[in-house]
Amino acid sequence: HKEPPPGAEAYIPQRYPDNRIVSSKYTFWNFIPKNLFEQFRRIANFYFLVIFLVQLIIDTPTSPVTSGLPLFFVITVTAIKQGYEDWLRHKADCSINECPVDVVQQGKVVRTQSHKLRVGDIVVVKEDETFPCDLILLSSSRPDGTCYVTTTSLDGESSHKTYYAIPDTMAFRTEQEVDSLHATIECEQPQPDLYKFVGRINIYKDKEEPVARPLGAENLLLRGATLKNTQHIYAVAVYTGMETKMALNYQSKSQKRSAVEKSMNAFLIVYLCILISKAVINTVLKYAWQWSPDRDEPWYNHRTEHERQRHVVIRAFTDFLAFMVLFNYIIPVSMYVTVEMQKFLGSYFISWDEEMFDEELGEGAQVNTSDLNEELGQVEYVFTDKTGTLTENNMEFIECCVDGNVYIPHAICNGQILSAASSIDMIDASPGGYRRDLFFRALCLCHTVQVKEEETVDGIKKGIHQGRPTSFYISSSPDEVALVEGMKRLGYTYLRLKDNYMEILNKDDEIERFELLHVLNFDSVRRRMSVIVKSSSGDYLLFCKGADSSIFPRVVSGKVEQVKARVEQNAVEGLRTLCVAYRRLSQSEYQEACHYLMEAKLALQDREQRLAQAYDIIERNFVLLGATAVEDRLQEKAADTIESLHKAGMKVWVLTGDKMETAAATCYASKLFRRTTQILELTKKRTEEQSLHDVLFELNRTVLRQLCDALEIFLEICRNCSAVLCCRMAPLQKAQIVKLIKASKEHPITLAIGDGANDVSMILEAHVGIGIMGKEGRQAARNSDYAIPKFKHLKKMLLVHGHYYYIRIAELVQYFFYKNVCFIFPQFLYQFFCGFSQQPLYDTAYLTLYNISFTSLPILLYSLVEQHVSMDTLKREPSLYRDIAKNSLLRWPVFLYWTCLGVFDAVVFFFGAYFLFDNTTFTSNGQMFGNWTFGTLIFTVLVFTVTLKLALDTHHWTWINHFVIWGSLLFYVIFSLLWGGIIWPFLNYQRMYYVFMQMLSSGPAWLSIILLITVSLLPDVIKKVLCRAMCPTATERAQSTRPCLTVEPSTIFMLSQSSSRMSF
C-alpha cells in the first residue's frame, strides 16, 4: 500500500519518477534550436555564417550566394540525418514504455501500460515475460516460493538464477490475498550496483506489532531480467523508470567525434589565421599605397561626398571585411559536405560486405552511425567482453578424472577408443569402483540444477525425442548443466528434486533417493559449493565441488598428486576445471553443522560474514574424489582475430564479469595469453572473510578514486603490457576502465566490443562501440556504432575497412586544403599588382563552381573507391595497420607539406603566367590579353594541375575514376566555352565573353598551360620517387613485395576484481 497503516512511524512521502525510459536526445520542441546549436559549434559552420552575414551587410566583391548556399545545404543534410537517427531512438523508447503490464488493483488484475507503473504497485509477471521495473518478490506459483530468472540483458549471463519470496507472503496464491497485504518497505536510495540491495519490509497484521523481515539482492527482481520455469509471480514495484538499476547502468549517449574531425578543426584554425593575416596585410598595404593623393583618388575614379566623410577606421574595417570575403575560399565549406557524403556513402560498403554476412543469423554487419568510419583505422586499444563475444556461451562436458583414471563419455576410456554403447561397460571394468560411483553421485547431487519436462524452452526444442516426454536441465550456471549432462552420458541420470528428495537413476537403472538437507551456495569468494544429503542407508554425506585452489587446501586424503597433474594439464588446454571432494558426517557433526548454519541464517547484522564463517568451519577435512573438465567453446576464428589485432599493434583487454580462472583459460585458448609470456597479477590480501562486494567497492575507493599516484602506476604498467584481463567487472566498471585509458596521457583511440546489455556502458564510453548480434538480446547491437554478427568479423572491419576509410578521408582533407591554397593564393598575389583594390582574379562563375563542380567529384570518388593496397594484402599483413596509427596521415608535418606544395603551385601559376604576359603577349590578330584572360589562364592551369595531382595519387583505377577525372576536365572546358561563347540574356554584363576562345587561339597560351602544369607537378613526383627509393614505408614495400611477419615477446597483465586472492 502507498500509505502506511495507522500507528506506523512518521512517514514523509517521497516523489518517485514514473516508469518511463528515455534514451532519445531531442524532443519535437527542442530539435531545431538544439541541433543548430550543436552544428554551429563546428568552427567551419560558424565561420561561414559570419561570412554570409558580412556579405549581406556590406558591399563585397562577391555575391552572398557563394557562401550561403553551400552552408544551407550542409546544415540541412546534417539535421535530417541526426533527426532520423533520433526518431528511431524515440520509436524504440515508445515500444518499451507502451508494453502491457498486469497490475493488481482492488483484488483484480488490470492490464495497463508500462510507463503508468508507480512505486508500490503490485505487478503480476508470467513465464517468459520481462520485469517492467525493479520488483520485490512477494509470492510465486512454485510451492517453495522461489522463481527462476535469466539476467541475460543485464550482466550477460544466460543461466537461470534463483530468487526467493518473503517467507510471510510466499503462501499468497490469489489476487485478493496479495491485495489484502498491509506493509511498508524501507530501502536504500537507487544505486547502479546490480548485485547489492539492502532493505526491510514491515508487515502489519491485525493490531499486532509489525513483523520486520530483511530484504536482500535475492528478493529483488531487476528490470530487464526474464522470468523462467515459473508460471507466474506477484511482486511489488520499488524502483521505477530512470531509477531502476538497469537505467542507472546505462551511460548517456554522447556525441562521438572522430580524431580526423578534430584534426580538420585544428587545420581550419590555422587557415583562419592565414586568412586573417592575408586580409590584415592587404588592408595595411592598401592604405600605405593610397597615402599619396594621386593614388588615393585617381582621375578616373572620384569618390562620392558620402565616401569622403566616412571615418578612416570604418573605411579600413570595411576594407578588411571585403578582403576577408575575397579570400574566404581558402576555408573549404564544401569539404564538410564532401566529408558528410563520403562518410554516409562509404558506410554502405560495410553493410554490403558479403564476407561479414552470417548465414546462421541471416544478417550482415550494420552501421548505426557513419560519423566514425575512419576511427576504425585508428584503434589502439580493444576492450572485449568474454562470454558470448570471445566464446559461444555453450558449455560441453569433456572428461572427468577419478583417482587418476580418466573417463571421457562416448570416446576414450583410459586410452581405449570406445563406441557410445560400450563406454559404460568399460567404466564397470575400470578399477576403484566405489570411489568412482561416489564421484558420479557427487556430481549428480552437488548442484542447483532444475529439471524441466516440456517440449520447448525459449522457443527451442530441447532434450532427446524418442516418443517419450523430453526432460532437460536448466541452472544458474551453464557449467552445472554440462556436468549433469556429462554424468547422464556416463550412466548416472539426475531425475528430479521432489519433496526435498533428490532422485538419481544409476547405471543399473535403479532409482536412488537422497534427502537434501542443506545447500551451501556457491559464492565467488569461497569459489566452491556444497550440499549435505542423507542417503537411504541413513549416512550423512557432505559433497563439495569448486575451484582447485579452494578444494586442495581443505583435502586430507585422496590421490591429490594425480588429480592435480590432470587439472593442470586441462587448464593449459583452456578447459574449465572443477575438483570434487566429500566427507562423511557423524550424527553429532551434522547437528553441529546445522546449529552453525541456522544461527548464521537468522542473523540480521553481518549475515554474509557469519555464513562465510559457518561454511569455513563445515567445509573441512575432505577426501578428494576427482576433477572434471568442461569446455566453453571459443567462437570460430577468435584466436586468429586476436593474433591479427596484436600484429596490427593493438592492445587487447578482456573485461569480464566472469571469475579469473575461467577468463584466464579463455585468454590462453584465444592466444591473448601465451605460455611464454610473463604474467603479472595485481593481488590484494586473501579475502576469505569478506564478501565480494565489500572488496569490490573498497578497491574502487582506494585504487580508482583516492590514490592518483597508484592510478598512474597502474596505467603505466597496463600500457606496457600486451594484454590485460580484468575480472568480476560490473557494467559501469567496464566503462570506468575504458574512461581511464581514454583519459591517459596519450589519449589513445579505444574500441569496445560486446554482446550483452552489460556491455552497453563500455560500448557508449569507447571512441568506437561495436555490438555483436549474439544470444543475449540486442541491446549491445542497438546502442553500438557498428554491429557485427561474430567476433571474427572484427578483423576485416578494422584491418580492411578501417584502413581504407582512414587513408581515403585523410587524403580528402589534405587535398581539399591543398586545392584551396592553390586556388586563393594567386588572388592574394594579384592584389599587389592591382593596387589592393579587391579586384577578383577569377570570374564569379569560376569562384562559385570551383569547389562545387570542377574539382569536387574526383576527390569524392577517390575517397570512396581508393585501395592503395589490395584487400588480401591488408588481411594477410596486419602490421600495415601500424603505418596509419596515431593519425599519421594528418599530422602537422604532412599538413605543412601539402600547404607548402599548394603555395609553391600557386606561385608557379601566378608568376609563370605573369612573366609570359610580361612582354605583352599578342594573339595572331594583334590583340592584347586583358586581366580576365590572365585570370582564366591561371584558373585553367589550376584546375588541370589539382585534378592531375589526384590522378597521380590514385592507385586503384576503375572505369568510374577515368570517367570522373577526365570528365571533370572536359566539363570545365565545355562550360568555359559555353559561358564565354554565348550572350546570356539574364546577365547584366558579360566580362567573360569570348575570353576563353581567344586565349585558346594563342600558341603561347597553350605552351604556358602545358609548361606550368608540368612544373607544378614535378616536385611532388620527384619527392615520391626519392622517398620510395630511399626510405619506403611498410605499405609502399607491400605494394611491390610481401615480407614475413615476426611476433614480438610480450608481457601480460591480469586484473580481477575479486577471487579469493582478490587478484587484479
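Note: Cβ is positioned from N, Cα and C throughout, glycine not excepted.
Features of the protein shown, as given by TrEMBL:
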DOMAIN    14-67  domain 'P-type ATPase N-terminal'
DOMAIN    100-245  domain 'P-type ATPase A'
TRANSMEM  266-289  transmembrane segment
TRANSMEM  320-339  transmembrane segment
BINDING   Asp385, Thr387, Asp755, Asp759  Mg(2+) binding site
ACT_SITE  Asp385  active site, 4-aspartylphosphate intermediate
BINDING   Asp385, Lys386, Thr387, Glu480, Phe522, Lys545, Arg576, Thr656, Gly657, Asp658, Arg728, Lys734, Asn758, Asp759  ATP binding site
DOMAIN    781-1033  domain 'P-type ATPase C-terminal'
TRANSMEM  845-865  transmembrane segment
TRANSMEM  895-917  transmembrane segment
TRANSMEM  929-951  transmembrane segment
TRANSMEM  963-987  transmembrane segment
TRANSMEM  993-1018  transmembrane segment
Neighbour tally for Asp385 (Mg(2+) binding site), based on other Cβ positions within 10 Å of its Cβ: 30
Contact call for the transmembrane segment (929-951) against the transmembrane segment (266-289), three or more Cβ pairs under 8 Å: no
Average model confidence [pLDDT] within the domain 'P-type ATPase N-terminal' (14-67): 84
Nearest-integer angstrom distance between the alpha carbons (Cα) of Asp759 (Mg(2+) binding site) and Gly657 (ATP binding site): 10
Other CB atoms within 10 A, centred on Asn758 (ATP binding site): 32
For the domain 'P-type ATPase N-terminal' (14-67), residues assigned helix / strand / coil by DSSP: 28 helix, 0 strand, 26 coil
Secondary structure tally of the domain 'P-type ATPase A' (100-245) (DSSP, helix then strand then coil): 19 helix, 67 strand, 60 coil
Residues of the parent chain within Cβ reach of the transmembrane segment (993-1018), under 8 Å, 6 or more residues beyond its termini: 904-905, 908-909, 912-913, 916, 921, 923-924, 927, 929-930, 932-933, 936-937, 940-941, 944-945, 948-949, 952, 976-977, 979-981, 983
Cα separation, Thr387 (Mg(2+) binding site) to Arg576 (ATP binding site) (Å, whole number): 13
Winner by Cβ contact number (other Cβ atoms within 10 Å) across the binding-site residues Asp755, Asp759: Asp759
Nearest recorded site to Phe522 (ATP binding site) by CA-CA distance, among binding-site residues Asp385, Thr387, Asp755: Thr387
Position of peak Cβ density within 10 Å, selected from the binding-site residues Thr387, Arg576: Thr387
Interface-richest range of 266-289, 320-339, 895-917 toward the transmembrane segment (845-865), CB pairs under 8 Å: 320-339
Cβ neighbours of Phe522 (ATP binding site) where a neighbour is any other Cβ within 10 Å: 17
Other CB atoms within 10 A, centred on Gly657 (ATP binding site): 26
Pairwise CA distance, Thr387 (Mg(2+) binding site) versus Arg728 (ATP binding site), rounded so that it is a whole Å: 12
Asn758 (ATP binding site) to Asp385 (Mg(2+) binding site) - Cα separation in whole Å: 9
Separation of alpha carbons, Asp755 (Mg(2+) binding site) and Arg728 (ATP binding site) (Å): 17
